[in-house]
Each structure stands twice: as structure tokens, then as C-alpha cells.
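K.L.:
Structure in C-alpha cells, see below.
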Amino acid sequence: MIKPSEAKIGIVVARFNEVITSRLALGAKNLLIRRGVKAENIIEIEVPGAFETPLAAQLLIDNKKVQGVVALGAVIRGSTDHYNYVCSSVSSGLMNVQLTRSVPVCFGILTCDTMEQAIDRAGGKSGNKGADVADTVLEMILLRSSLLGNLSL
Ligand SMILES: Nc1c(NC[C@H](O)[C@H](O)[C@H](O)CO)[nH]c(=O)[nH]c1=O
Ligand SMILES: CC(=O)[C@@H](O)COP(=O)(O)O
């Protein structure tokens, strides 16, 4: 089974609501390093908004051979139904990449009614969801590797 020190992991971060997403990314990176993932094996890329995260995750898997992806973003409700379209496309897009590639792609997209809810979840009183989702990706990478035998890819 693969060890954390051998894992290659992608982090896709949406720039939209960057004050929140940069904190999620830092939480994710710090958690992975604490768990033994090597900094040089973490590939972080930025995309404009949450809507772009599924394609970026797929490109990382197909071209950089990462064994898992942490997708990070913050969608905050506005006054139209735009929020619903972004949230539902992103969640089904990420799931689609995960299942078609058979590689864990975990959902670190905050879907909030207010900026305050987002702050609480990006290192505030509700923890850091970036770190939580990074932990989930790592667990799924190890699980996948154990189920596939000794293969690390
Ligand atoms: N409103 C939010 C967006 N909107 C932008 C989209 O994600 C996308 O970049 C655009 O529609 C072009 O395809 N993105 C967020 O991450 N958060 C939002 O609250
Ligand atoms: C994700 C959103 O709902 C948002 O940023 C867009 O705002 P609005 O619905 O007011 O256009």
C-alpha cells in the first residue's frame, strides 16, 4: 500500500472569494505536510471560480498523474439563482471526474448563505474545511491503493 510520503496530490483552488479560498488552500497544504506528504508532491493550481474546478481536476489526473485531488472554492449566495447552478454543476462535475477516472476528487467547495459562514469554515470557529477535505483525499488514496494491491497509480 502506498505511504503518504509517496503520494502525489493535486489542490485546485478557485480564485473567486480568494480571501476565503486562500485560507482553505493553506489549511489543506499544512494538513498534507503534517501527514507526511512531501511538499514537492503537492501540485497546486488556481482557476477563476468553483465552476472551473472539475476540468482542472481532470487535467491534473490525466496529465500530472496525481493520485487524488482536493477541490477548493467558496460559493456564496447572491440575489439570483446563479448560486444553485454553480453549486450543482460543481458537485456533479467533481463526482463525475472522480468516478470516470477512478481517482479520489474531494469536495472542498463551501456553499454558504453568507460570508460569515464562509469565514467560520475557513479557519474560524467551525475549523478549516480545506484541511478536513485534504485528510479525506489522503484516506481515500490509501484506501484505493490497498484495494488495488500494490499499485500506486
Ligand atoms: N459566484 C461565484 C462564482 N462564480 C463564477 C463561476 O465559478 C465561474 O468562474 C464563472 O461562471 C465562469 O465560468 N464562483 C465561485 O467560486 N464562487 C461564487 O460565489
Ligand atoms: C454565486 C452567486 O450567487 C453570486 O456570486 C452571484 O450573485 P447574484 O446572484 O447576485 O448575481
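Cβ atoms here come from the backbone N, Cα and C positions, even for glycine.
Found this in TrEMBL, in case it helps:
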- F16, A50, F51, E52, A74, V75, I76, F107: 5-amino-6-(D-ribitylamino)uracil binding site (BINDING)
- S79, T80, R121: (2S)-2-hydroxy-3-oxobutyl phosphate binding site (BINDING)
- H82: active site, proton donor (ACT_SITE)
K.L.:
May I ask which residues of the same chain, at least 6 positions away in sequence, place their Cβ under 8 angstroms from the Cβ of F107 (5-amino-6-(D-ribitylamino)uracil binding site)?
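P.N.:
In sequence order, A71, S91, L94, V133 meet the Cβ cut-off.
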K.L.:
Anything from the binding-site residues F16, T80, F107 with its Cβ under 6 A from ligand 2? List those in sequence order.
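P.N.:
List returned for ligand 2: T80.
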K.L.:
Return the residue, from the listed binding-site residues V75, I76, with the maximum count of other C-beta atoms within 10 angstroms of its C-beta.
P.N.:
V75
K.L.:
Quick one: pull the CA-CA distance for A50 (5-amino-6-(D-ribitylamino)uracil binding site) versus H82 (active site, proton donor), whole Å only.
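P.N.:
Taking the Cα atoms only, A50 (5-amino-6-(D-ribitylamino)uracil binding site) lies 12 Å from H82 (active site, proton donor).
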K.L.:
Would you mind sorting out which binding-site residues among F16, F51, I76, F107, R121 put a C-beta under 6 angstroms from ligand 1?
P.N.:
F16, F51, I76
K.L.:
State, in Å as a whole number, the widest CA to CA span among the (2S)-2-hydroxy-3-oxobutyl phosphate-binding residues S79, T80, R121 given in the record.
P.N.:
23
K.L.:
Enter the number of other CB atoms within 10 angstroms of the CB of E52 (5-amino-6-(D-ribitylamino)uracil binding site).
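P.N.:
Here the count is 18.
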K.L.:
Among F16, A50, F51, E52, A74, V75, I76, F107, which the record lists as binding 5-amino-6-(D-ribitylamino)uracil, how far apart in Å are the two most distant Cα atoms?
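P.N.:
Overall maximum Cα spacing for these binding residues reaches 16 Å.
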K.L.:
Mind telling me which of the recorded positions H82, R121 has the densest Cβ neighbourhood, counting other Cβ atoms within 10 Å?
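P.N.:
Counting Cβ neighbours within 10 Å, the top one is R121.
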K.L.:
Check A50 (5-amino-6-(D-ribitylamino)uracil binding site) against DSSP and tell me helix, strand or coil, would you?
P.N.:
helix
